[in-house]
Amino acid sequence: MTIPNTIPITPELIASHGLKPDEYQRILDLIGREPTFTELGIFSAMWNEHCSYKSSKKWLRTLPTKGPRVIQGPGENAGVVDIDDGDCVVFKMESHNHPSYIEPYQGAATGVGGILRDVFTMGARPIAAMNALRFGEPDHPKTRHLVSGVVSGVGGYGNSFGVPTVGGEVEFDARYNGNILVNAFAAGIAKSNAIFLSEAKGVGLPVVYLGAKTGRDGVGGATMASAEFDESIEEKRPTVQVGDPFTEKCLLEACLELMQTGAVIAIQDMGAAGLTCSAVEMGAKGDLGILLELDKVPVREERMTAYEMMLSESQERMLMVLQPEKEEEAKAIFVKWGLDFAIVGWTTDDLRFRVMHQGEEVANLPIKDLGDQAPEYDRPWRESGKRAPLPANLVAAPEDYGQALLQLVGSANQSSRRWVYEQYDTLIQGNSLQLPGGDAGVVRVDGHPSKALAFSSDVTPRYVEADPFEGGKQAVAECWRNITATGAEPLAATDNLNFGNPEKPEIMGQFVEAVKGIGEACRALDFPIVSGNVSLYNETNGVAILPTPTIAGVGLLPDWSKMARIGSANDGDKVIMIGVDGSHLGQSVYLRDVLSSSEGPAPEVDLFAERRNGDFVRSVIRNGQATACHDISSGGLAVALAEMAMASGKGLTIDLSEGKGEPHALLFGEDQARYVLTLPADVADFVCVNAEGGGVPFRRLGTVGGTALVVGDLISLPIQQLRDAHESWFPDFMEGRGELAAAE
């Protein structure tokens, strides 16, 4: 077999494709010859970290992925979970970190576009989006530009496409100065018996290209996303894709219409590594070969090479295996929606991935070795050292508790995110019941009288850095807790694991321990991982990001009329804390923002207590007994109470005199498995008796009423003063009002 090879394959070319010398040797051994330039590009795309998960696969296999409601776990475009009545929720989260740092608007926009395609490729109509964003320190010269671009990109794409953004996170830390994180989540609803998968079945079937035309944008994007950054970062701008949400909306409608005709055998969106990855995955999963004819690919640029067509990451494109007799019907649907429809290949029985271009064979490779048999590493890893305990009596108490609380609610990381989410359409589709700013976003299930879904995304990177195992557990527990705080039953989760360079044993150790913690928490809480994404090499000039294993979860509310909000308390309600008194100040935001310290261990997560306390809180909400509920997380009890008071516009009078421990630990400690409930006075005693009977720790805190948050003689702050501090930081920062705002 002779394949013309016009570009010499040099060690420099191999290295620039992200392939190590031993990986290139493996290619030579596999195919018995030197690869063509196109084949080198194909191997580079399929064997990079972004597509093959070669450093993480071993550990991802340890995660719990099955459960009574799980219809489809990891391995497809998105996870699928049963929500009763013949419906299912389809969801996934994935990163677009590297592109968003280089070109923030398009990087973030195409991150949203890619995750929406993952959902509707499965046959689901998207109903909700979230995004978890991490930026560098506020006074870094690039941060404001990146925040502005990313938020505009997320909003520009999601709003135009027509999906409500119902939640997310925005955090700042110097460790993200050279490597921001954009983790995009989407969920959709489908019929449980009409899920579409990517596994091709049958020989001699047409492989069809759908959607927008192919250009040169994003060539090599997946390879870039598997590398560390250095000073040459600006040169990587051409590897960022450009998105068009209106084309994507047409693609959604055309795909869902086509799926109803019975024409679709397999379907895969073109994401990372474009045509290469989608074709290889469809063939390899179905134990079939694929023959592609690139001359039939719709292009929007002239003289595109086979290499460029195979690796382009142009957006809004799909690949499908079709029932041959339905070809004309399918084509008519796509033409109606103004989209390209082209038969670009066939399935074969030879397990080869063959690519033809201008009459020449430019690639002929073993498809299984590109796909599910790509290299896999068991990288050396080192356990993180344990931090010494930090008793509360060794941590300075604030001179003025009220000032300390104002400082926290008005800080870069605890202040209101209204500036961000008001740029997103949170209400489109008309089903949003809870908007950003609470514990979880809640969306009605269209067509059902009482059913709704709750969504949350969580991780506390400073905890993961201090103790990756406990930090991994805590990310899962907080997500589960936020969903529970609405009254929803947490069903399943998706993970987006963002770490530095896995070739460094200490970074690989963070990853391994965090995955172990995530797995333990998911098992204890019956919260399986059904989809996800790993983003490694998040380093610039050798400085790694904080380890950030984001967990996004979905919960089911059978009757949304009984759900809890954080701001729905009534005057005269009693305030009760479920869980233990605050005692843990290690890694707390009080320590970080008030005392400028990062000492101590992360809080331990008692998963038995999480389960017991959460199940109790959920039952109280579902019985219609709670008027409001909020989980206690960063900032401890004081910040949770302040957020509830600001959300409801009603004051709280709190008495901590029976609390055991130091006052600053009671108020700012970040112990886990805790909630604040407000209950009508005549119900509160009954709930407390039930808690006692169930072995659930609780503390009566006080009463709702007035216009101030009053905690004994320690804090007395008018709600308006809290709101002024809470709401002003973000707009002041973005408008550059007094650079002091950025340096807080």
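Just so it is clear, glycine is given a Cβ too, placed from its N, Cα and C backbone atoms.
What Swiss-Prot annotates here:
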{"type": "ACT_SITE", "residues": "His50", "note": "active site"}
{"type": "ACT_SITE", "residues": "His96", "note": "active site, proton acceptor"}
{"type": "BINDING", "residues": "Tyr53, Lys92, Asp495, Gly532", "note": "ATP binding site"}
{"type": "BINDING", "residues": "Glu94, Asn533", "note": "Mg(2+) 1 binding site"}
{"type": "BINDING", "residues": "Ser95, His96, Asn97, His98, Arg117, Gln241, Glu313, Ser314, Gln315, Ser535", "note": "substrate binding site"}
{"type": "BINDING", "residues": "Asp118, Asp269", "note": "Mg(2+) 2 binding site"}
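Positions of the features from Swiss-Prot, shown on the structure.
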residue : record                 : Cβ contacts under 8 Å, 6 or more apart
Tyr53   : ATP binding site       : Leu60, Val534
Glu94   : Mg(2+) 1 binding site  : Gly111, Gly114, Ile115, Asp118, Asn183, Ala184, Asn496, Gly532, Asn533
Ser95   : substrate binding site : Gly111, Leu181, Val182, Asn183, Ala184, Asn496, Asn498, Asn533, Ser535
Arg117  : substrate binding site : Asn77, Glu248, Leu251, Asp269, Gly271, Glu316, Met318
Asp495  : ATP binding site       : Leu63, Met93, Ile518, Ile529, Gly532, Asn533, Pro549, Thr550, Ile551, Ala552
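Cβ-based neighbour count (10 Å, all protein chains) for His96 (active site, proton acceptor) stands at 32. When Cβ neighbours within 10 Å are tallied across all protein chains shown, the highest count among the binding-site residues Asp269, Glu313 belongs to Glu313. Across Tyr53, Lys92, Asp495, Gly532, which the record gives as binding ATP, the greatest C-alpha separation is 16 Å. Figure note: comparing Cβ neighbours within 10 Å for the binding-site residues Asn97, Gln315, Asn533, the maximum is reached by Gln315. Other than the site residues Tyr53, Lys92, Asp495, Gly532, same-chain residues with C-beta atoms no more than 8 angstroms from the centre of those residues' C-beta atoms, the ATP site, are Leu60, Pro74, Met93, Glu94, Thr494, Asn496, Leu497, Ile529, Ser531, Asn533, Val534.
In this structure, Arg117 (substrate binding site) is part of a helix by DSSP. The residue listed as 'active site, proton acceptor' sits 11 Å from the residue listed as 'active site', taking the Cα positions as reference. Mapped onto three states, the DSSP output places the residue listed as 'active site' in helix. Following the DSSP three-state reduction, the secondary structure of Gly532 (ATP binding site) is strand. Pairwise Cα distances among Ser95, His96, Asn97, His98, Arg117, Gln241, Glu313, Ser314, Gln315, Ser535, the recorded substrate-binding residues, top out at 21 Å. DSSP gives Asn97 (substrate binding site) a helix state. Distance between Cα atoms for Lys92 (ATP binding site) and Glu313 (substrate binding site): 20 Å, as a whole number. DSSP assigns Lys92 (ATP binding site) to a strand segment in the three-state reduction. Just so you know, the Cβ of Lys92 (ATP binding site) picks up 28 other Cβ atoms within 10 Å once every protein chain is counted.
A distance of 17 Å separates the Cα atom of Gln315 (substrate binding site) from that of His50 (active site).
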